[in-house]
Amino acid sequence: MAEVSIDQSKLPGVKEVCRDFAVLEDHTLAHSLQEQEIEHHLASNVQRNRLVQHDLQVAKQLQEEDLKAQAQLQKRYKDLEQQDCEIAQEIQEKLAIEAERRRIQEKKDEDIARLLQEKELQEEKKRKKHFPEFPATRAYADSYYYEDGGMKPRVMKEAVSTPSRMAHRDQEWYDAEIARKLQEEELLATQVDMRAAQVAQDEEIARLLMAEEKKAYKKAKEREKSSLDKRKQDPEWKPKTAKAANSKSKESDEPHHSKNERPARPPPPIMTDGEDADYTHFTNQQSSTRHFSKSESSHKGFHYKH
């Protein structure tokens, strides 16, 4: 292979080559910086445009919401105004009806007053026919009437107020009668409740007394059983039982009692001193309780009779 020959005389120097490389490097760096600046500017423009578009959308949405709120507010104002108009119309109609009713009532009152006046005039004429009047009384009576037969306002008011007074008196009497009946019903209900409460209380006392008697009877049976068990353990008990058996056989030979006679009550069990004291205390307490309940029930029954 043939070698390429290089002319050494035409080669540039080292400094020139370094300077050319530095210029080339600076040019490349400037070009890259310029491209970065252009890209950054484009990116910032894109971001700005996006923000502007977003802001426009938000502003448009807010404007639409504001318009909707204003439209709803105006609609609400219109509805309220319409309701107020309807209420005012209803009130006006009610006032008109009330005025018409008042006018009719006034007309009725005037008719009643006129009828009362005519009736009074007729009665006055009848009295004049039966009894002669004195001049002073006639002058005083004529002063209440007009020449055409009408009544003065004060007399008309008295004539109108007469039926209202009678109606008020009837209403008071009716209210008093209703109050009296209600009071009687309340007293009867109270008496019935008191009697029912007394009956329930007596039943409860009887139930408690029966339960106490059952408990006392059970305790007495248990004590009798325990005393019999103790006696069985005692060696001296057998002769006594034999004597009791002989006495029972003798009693069985005797004639029986009639059915109408009450059977004899069994003898109480033999108790110790402590048990005897407890039983007497219980019987005394039970008898006092019975006496108190009977006296209380009789007192309450007497109170109910009164």
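Glycine is treated like the rest: Cβ placed from N, Cα and C.
According to Swiss-Prot:
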type: COILED; residues: 63-130; note: coiled coil
type: COMPBIAS; residues: 215-239; note: compositional bias 'Basic and acidic residues'
type: COMPBIAS; residues: 248-264; note: compositional bias 'Basic and acidic residues'
type: MOD_RES; residues: SER5; note: phosphoserine
type: REGION; residues: 215-306; note: region 'Disordered'
| note | Summed over the compositional bias 'Basic and acidic residues' (215-239), the DSSP helix, strand and coil counts are 22 helix, 0 strand, 3 coil
| query | Mean pLDDT, the coiled coil (63-130)? | reply | 91
